[in-house]
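Chemist: Not my notes, these are from Swiss-Prot:
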- 40-306: domain 'Septin-type G' (DOMAIN)
- 50-57: region 'G1 motif' (REGION)
- 50-57, SER79, GLY105, 186-194, GLY240, ARG255: GTP binding site (BINDING)
- 102-105: region 'G3 motif' (REGION)
- 185-188: region 'G4 motif' (REGION)
- 259-269: region 'Important for dimerization' (REGION)
Amino acid sequence: MSVEVDFVDKKEVHLRTLKQSGHVGFDSLPDQLVNKSVQNGFVFNVMCIGETGLGKSTLMDTLFNTSFESTPSPHTLPSVKLKAHTYELQESNVRLKLTICDTVGYGDQINKDDSFKAVVDYIDAQFENYLQEELKIKRSLVTCHDSRIHICLYFICPTGHGLKSLDLVCMKKLDSKVNIIPVIAKADTISKVELQRFKAKIIQELNANGVHIYQFPTDDETVAETNTSMNSHIPFAVVGSTEFIKVGNKLIRARQYPWGTVQVENETHCDFVKLREMLIRTNMEDMREKTHTRHYELYRQKRLEQMGFSDVDSDNKPISFQQTFEAKRSNHLAELQSKEEEVRQMFVQRVKEKEAELKESEKDLHAKFEKLKRDHAEEKRKLEESRKALEEDYLDFQRRKQQLATAHHTLTLGKSKKK
């Protein structure tokens, strides 16, 4: 049996078709890829966005047929917080590392202007972590945990009147960062007629506001028909339940009410089966691929442009990564040299200013010293004059005292002679 191989030469426009004379064995590549993938396991990260009490945790338990044992969240949180939990699941011989990220407190605040920012920051942070791992010299993309969000389930409150402003703003901010599938939560609370009108209203508002939600791919012939049909059912009206009831000989998930029972996996009751089929069984790999090839690549492109990297130069000619790096390095060194020269000039200028300031201070101190010397000399002169005057007064006093003593003695002698 001959095998035809299409060979593409980049320098040629036409394809060359070669024939082999025998079996080589590269037709086993798909099997090798499957075995390698099964050995490494798979990663799938889901983000659930919606107001508190819409059944996000219950739906996750129902989708993956397990109990993630999440704790209820209060309605009184002052801000939105994101909590991510990672679980190891295994079905047959396929291992899945599942991360569920919940938006705790979303939509519970009076001022909801900043509710979406925490979500956007979290998604960007996961992209940044992956980018930093890619940029390492010694990187380990296979072993590092990929925390990029592959799908965002946006839970819509079943009001029946349309989307809230917060819903539109948040989905508009996220549609270029993550695959979004809107779902109508607790769909058993509104009638089927209202539900169809509600779905149409939601799609009309999304289109009017330019919100791009995830569309199931139709380029694969094996699933094109199914995906085309399922695209028309978005947003899915879902019901989740952790309770089981017995129908015949089977236990099925359901919600029981006084007026009847809603079977979760009954497609006439809700769209849960459609969501599970599209999300897990048919398009999970497409969501993972689109996250990497579209959303992450867009983030990576913007970040590299912010760093100064580009595929073309100023003349719109192709430029390699190394050339860009060398140009950035040269610019950085020139800028560094310029900064060093600027700092040196600033230092010299400050030294000169300080020297001038010190000289001026020295001059002032010298002037003060001279003044103090003059003042001191003047005080000394005055004191000397005072001392001399005092000495003269003292001598004059002594002379007068002597004169008085002599006069007194003479007077005493005169009186003695008369007697």
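Including glycine, each Cβ sits where the backbone N, Cα and C put it.
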Chemist: Using DSSP, how many residues in the region 'G1 motif' (50-57) fall into helix, strand and coil?
Modeler: 2 helix, 0 strand, 6 coil
Chemist: When you measure from the Cβ of GLY50 (GTP binding site), how many other Cβ atoms are you left with inside 10 Å?
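Modeler: Taking every protein chain into account, the count is 22.
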Chemist: Hey, of the binding-site residues listed (ASP188, GLU194), which one tops the CB count within 10 A?
Modeler: ASP188
Chemist: Output the one of GLY53, GLY105 that, of all these binding-site residues, has the highest number of other Cβ atoms within 10 Å of its Cβ.
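Modeler: Output for this query is GLY105.
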Chemist: Can you tell me which parts of the same chain pack against the region 'Important for dimerization' (259-269), counting only residues 6+ beyond its ends and a CB-CB cutoff under 8 A?
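Modeler: Contacts of the region 'Important for dimerization' (259-269) (Cβ under 8 Å, skipping residues fewer than 6 from its ends): 62, 188, 239-241, 245, 247, 252-253.
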Chemist: Taking the region 'Important for dimerization' (259-269) alone, what is its mean pLDDT?
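Modeler: Mean pLDDT, the region 'Important for dimerization' (259-269): 84.
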Chemist: Where does GLU194 (GTP binding site) sit by DSSP, helix, strand or coil?
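Modeler: Reduced to three states, the DSSP call for GLU194 (GTP binding site) is helix.
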Chemist: For a three-state summary based on DSSP, what are the helix, strand and coil counts in the region 'G3 motif' (102-105)?
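Modeler: DSSP composition of the region 'G3 motif' (102-105): 0 helix, 3 strand, 1 coil.
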Chemist: Check ASP188 (GTP binding site) against DSSP and tell me helix, strand or coil, would you?
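Modeler: Once the DSSP labels are grouped into three classes, ASP188 (GTP binding site) ends up as helix.
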Chemist: With DSSP helix as H/G/I and strand as E/B, how many residues of the region 'Important for dimerization' (259-269) fall in helix, strand and coil?
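Modeler: Per DSSP, the residues of the region 'Important for dimerization' (259-269) fall into 0 helix, 4 strand, 7 coil.
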Chemist: Can you check which residue among the binding-site residues LYS56, SER191 has the largest number of Cβ atoms within 10 Å of its own?
Modeler: LYS56
